[in-house]
């Protein structure tokens, strides 16, 4: 790479990390103090720091890939971006509950805890049992939430996939570049994880083990995001896939409250058990696509 491009990349990283880490630290303080509104606002702002990093580095936005190509069967890749994370997350949740059946609760306590007893009684009188309510919520998370989340994930994807992945792959090669990008992406999340976000704080090796495990997830998922970006040439595809995995939290709906400190294992894709399907598929794509290309 040219020296100017290396300087551009360093400027991008500095801008992206410094501002995002400050926002994450602020969000973490609000998170621990139970001020969830301010926590959410700061975390959402942090998601757009990679986009701001691209602007600060003066990367031409026209090179990011704003088109929405649907011809020549490319629409199939957008469907893949939409539903693949949902499928992998569902398989991961099933695997987790199969290994730990004692963690499963069909009454969906995660959902029902948001309603009063009177509201639940009225819902059940109308035929909406907790299980059906959780199923409908999961369906909404799979069909609609990915598109809402896509607009938020765009802030990250413009920086990670739109700019950073291309630089790292060109500098270090296809196989190493995508791995490095996943590691950088994971490290970017670390400050908020020190406050218990993602896995909580009540697990062995906190926070080191959680931070390292999250690197496995981000590296594996970075392979899929980069692959879908390469197949479509559109930043909207990885943004949709990113938004889809963020919405695929339905495994939590059926998790007993006593197991909320077990997130290191599942049932979400970031867990050791819950992430096995995603990791397996990512390895398959990596071996088939990246080694073949290399």
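Every residue gets a Cβ built from N, Cα and C, even glycine.
Quick caveat, the model's predicted, so the values are computed rather than measured.
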Of the residue ranges 109-129, 235-255, the one that TrEMBL records as transmembrane segment: 235-255
Helix, strand and coil counts within the domain 'CAAX prenyl protease 2/Lysostaphin resistance protein A-like' (141-247) (DSSP): 87 helix, 0 strand, 20 coil
Folded-back contacts onto the transmembrane segment (203-228), same chain, C-beta under 8 angstroms, at least six residues removed: 77, 80-81, 84, 157, 160-161, 165, 169, 178-179, 181-183, 185-187, 189-190, 193-194, 237-238, 241-242, 245, 261-264, 269-272, 275, 278-279, 281-283, 285-286, 289-290
Top Cβ-contact partner of the transmembrane segment (131-156) among 37-56, 76-99, 267-287 (pairs under 8 Å): 37-56
Most Cβ pairs under 8 Å with the transmembrane segment (267-287), selected from 12-31, 76-99, 177-197, 235-255: 76-99
Tertiary contacts of the transmembrane segment (12-31), as residues 6+ beyond its ends and Cβ separation under 8 Å: 38-40, 42-43, 45-46, 49-50, 52-54, 56-57, 59, 159, 163-164, 184, 188-189, 191-192, 194-197
